[in-house]
């Protein structure tokens, strides 16, 4: 009997520990996705099964939390907002951003086709995963998919702004970008790119610019606490329509992450570097003719398959964590 009790306690402890590790790793996956313009950490949250938990936990951070603190103390309030989950998840996100910022930047410059192919495959399978979550298909669901796709595509063809990285603008950019980051399909990094703030924020992450990062984090906190309440309410009351709209957002961004592009015009960013302004998608075969560069089709196919596999693995990962 004693040995049985010990076994149960040990098994429970291991299960809790593994759950915490899984949460941290899911945060790292979200952070890696958020670094790439065109890919959303919200997508990763959804396919790993933590999206609803994340929104509900953030939603509980509101003025009523003061009453909880008075009644149950700091520890009770921490448990009320699912604090352990939030700390582990955001620790994973931050760890990933600081760890992969240089790697992703390097790959975007040196191996763009395999990188974009990987995320293209990841998004396609994620769309299928999202569709499977819809309980009942009606005409309104199809309309929501179309609306989301057109909305997201419209964002991808907008011209980048020339927002200066002043202190107030950094806060504003953080508030706007975080809203996109928690939406499956809308990339917070891409929103920063449109605002002209992607370069300064990424540079701050690579150089550990504490002031810029603190202001950006403040903006993220403001946007997160505000937008999560609205999104959580919509998912609770109109879940299928919300899911199909969010899936449409993911479909609408596929043109942005198509691996083969021709740069039509360039712009000078805040660091004085020449970066693409307008691009058009090409077929792999036209890409070689137009740009004179290899299309790397084999590498692209392999990377796309890996993207498929990652989503499949994350789904199994989520099932095991549950």
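For all residues, glycine too, the Cβ spot is worked out from N, Cα and C.
Owing to the predicted nature of the structure, the values given are computational and were not obtained by experimental measurement.
Here TrEMBL flags 85-107, 113-132, 139-158, 170-198, 210-235, 241-258, 296-314 as transmembrane segment.
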Within-chain partners of the transmembrane segment (296-314) [C-beta distance under 8 Å, separation at least 6 from its ends]: 29, 44, 47-48, 113-115, 117-126, 129, 259, 284
The transmembrane segment (139-158) in contact with the transmembrane segment (85-107), cutoff 8 A, at least 3 CB pairs, sep 6+: no
Residues of the parent chain within Cβ reach of the transmembrane segment (170-198), under 8 Å, 6 or more residues beyond its termini: 34-43, 45-46, 51, 54-55, 126, 130, 148, 152, 155-156, 158, 160-164, 212, 215-224, 226-228, 231, 246-253, 256, 269-270
